[in-house]
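Structure, as structure tokens:
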Amino acid sequence: MLIIQKSDVIPSEITTKENFENRRTFIKAAGASLVTASGIFTGLIHHSAQALPNKQKISGYVKTKFGADEKLTPYDDVTTYNNYYEFGTGKSEPAIESKLFKPSPWTLSIEGAVKKNKQIGIEDLFKLSPLEERIYRMRCVEGWSMVIPWIGLPLSKLIQWAEPTANAKFVEFISLSDDRMMPGQRIQVLDWPYVEGLRMDEAMNPLTIMALGMYGEVLPNQNGAPLRLVVPWKYGFKGSKAIVKIRFTETMPKTSWVKAGPSEYGFYANVNPNVDHPRWTQSSERRIGGGLFTPRIKTQMFNGYAEQVGQLYSGMDLSKNF
Ligand SMILES: Nc1nc2c(c(=O)[nH]1)N[C@H]1C(S)=C(S)[C@@H](COP(=O)(O)O)O[C@H]1N2
Ligand SMILES: [Mo]
């Protein structure tokens, strides 16, 4: 009963999808990368057109109660307004620069404090546990937010399969390192590869998922294909894209954003309207998709998931452990 079949085009999305897949867009996009990056990103155009993303529907996932009350952010916004520094630091760059990224074949490696090192291919990951749709709010540390219908499996299921030992106190997520397919890595804006981490109990929390798809389809490249982490009560940067390795550790992982700016980005990175970023407020956010003049909305403690995760931090000073 799998899972992947060729996509049917939904009428409302015809323009976007056809544009996305047709050859003229491909040529334009390859040309655009030449212009926008003045030569830095040109390596990509030597690949063949076969690497064009092939939109695939996911079937057989179960709907869940999560987020049924939220209005989804339009697909076009979620796929063209991105943070993915491996493909450039601009919001519109990932959609353009990741067109030739190849998310398959893909293997996820498990190592560190585990019974034994393991690997799993992406197809087997799809079958590891029943897939679920989770509609979650996503709040970027920059002060904007979206509502996205993810498809994935609870990270706890993957961790059970990985068999960590009692020494495992943290989980480290390591993203792909490949400056040929990821032209943004030719610039040292972050310490590549992208590294993130969670405390073990955060990783095991039922809200934490490994996403393989969104909007009923496999993940687009710019959203982290073929697998990305989603931790909805934390700032978006905790949600690593294109993960190739999970390592269980005894000590707190040194994450890319903490290395880049320890006074601005913490390991915990819980959404918290009462702890401002040194350079801007975190008390409100701009919900993407409503147009420029939509009023900002209030940011909620733990992004509105306090009931499910608040107890993880009892007794902790969240202004120090930000
Ligand atoms: N590997 C990697 N993962 C990443 C990032 C990145 O630059 N590289 N950006 C993060 C940030 S800051 C955010 S807000 C989200 C954005 O996810 P989206 O573009 O799918 O909305 O991805 C996160 N995951
Ligand atoms: Mo972000």
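Counting starts with 1 at the first residue shown.
The backbone N, Cα and C atoms fix where each Cβ goes, glycine too.
Just so it is clear, the model here is predicted, and its values are computed rather than measured.
The following features are taken from TrEMBL:
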{"type": "BINDING", "residues": "Asn82, Tyr85, Glu86, Cys140, Ser175, Asn223, Arg228, Gly239, Ser240, Lys241", "note": "Mo-molybdopterin binding site"}
{"type": "DOMAIN", "residues": "101-257", "note": "domain 'Oxidoreductase molybdopterin-binding'"}
Those residues of the chain, 6+ apart, with a Cβ under 8 Å from that of Ser175 (Mo-molybdopterin binding site): Glu86, Pro193, Tyr194, Val195, Ser240, Lys241, Ala242, Ile243, Val244
Cβ neighbour count (within 10 Å, all chains shown) around Arg228 (Mo-molybdopterin binding site): 23
Assigned conformation of Arg228 (Mo-molybdopterin binding site) - DSSP reduced to three states: strand
Confidence summary (mean pLDDT) of the domain 'Oxidoreductase molybdopterin-binding' (101-257): 98
List of residues, in chain order, with Cβ under 8 A from that of Asn82 (Mo-molybdopterin binding site) and at least 6 apart: Lys91, Ser92, Glu93, Pro94, Ala95, Gln222, Asn223
Neighbouring C-beta atoms (10 Å sphere around the C-beta of Ser240 (Mo-molybdopterin binding site)): 24
Glu86 (Mo-molybdopterin binding site) - helix vs strand vs coil (DSSP): helix
Coarse DSSP state, helix versus strand versus coil, of Ser175 (Mo-molybdopterin binding site): strand
Cβ-Cβ neighbours of Glu86 (Mo-molybdopterin binding site) (radius 10 Å): 27
